[in-house]
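Features of the protein shown, as given by TrEMBL:
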TRANSMEM  12-35  transmembrane segment
TRANSMEM  47-71  transmembrane segment
DOMAIN    51-177  domain 'Cytochrome b561'
TRANSMEM  83-104  transmembrane segment
TRANSMEM  124-143  transmembrane segment
TRANSMEM  155-178  transmembrane segment
TRANSMEM  198-223  transmembrane segment
């Protein structure tokens, strides 16, 4: 049964891997080639900001995507996959926290207000929900571990809430791309039909497709198409 579920997810999993690789390359090209590079400390505060989209996309969303699909990609025991699932999500959470830190650092050192946009509100909310989801999953399924009854009862909610938080992260990233691109264009630092604008919009589209592929890899195996399409 588990092998059948994995086989039905393969196309979406492979697609998600390719899109994740493409998104990682694209955000690095944007931040390093077009925006000048990355820096933890710099007189050019924009270089500090550039760390934010790199960590949020590669560290938070892509790492979170891989963690979410781990049960579809590895043939190992359930215990091993559960442990890797939690570890990857923990890495994604830590990198996401650092990503948000660099956004605050950029704002504070540039004299820009914090938490005034929908993107920032959703970002902070998403990282908090992600942390709550991880803690509940850890104490319920790994250590100390709940009873079989509680684990069974909570599992469906864990999956559902996890997908919700993941989609919230995708939506927040889209707002981030839009917000940064709008700022650059409004300030006259970027032409709306420039190669950089095309790259940023394309990256945002790739992230949407990545999110769709990840979610489809989870739900596709459980859709009974025989009840939807009939020969009648």
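Just so you know, glycine gets a Cβ as well, placed from its N, Cα and C.
Here the structure is a predicted model, which means the values were calculated and not measured.
Counted as Cβ pairs under 8 Å, contacts with the transmembrane segment (155-178) are highest for 198-223 among 83-104, 124-143, 198-223. A contact between the transmembrane segment (83-104) and the transmembrane segment (12-35) is absent, since fewer than 3 of their C-beta pairs, 6 or more residues apart, lie under 8 Å.
Within the chain, the transmembrane segment (124-143) has long-range Cβ neighbours (under 8 A, six or more residues past its boundaries) at 60, 64, 82-83, 86, 89-90, 92-93, 96-97, 100, 115, 150-151, 154, 158, 161-162, 165, 168-169, 172. Here the transmembrane segment (198-223) has Cβ contacts under 8 Å with residues 4-6, 8-9, 12-13, 15-16, 19-20, 22-23, 26-27, 29-30, 34, 57, 61-62, 65, 68-69, 72, 159, 163, 166-167, 170, 173-174, 177-178, 180-181 of the same chain, all six or more residues outside its ends.
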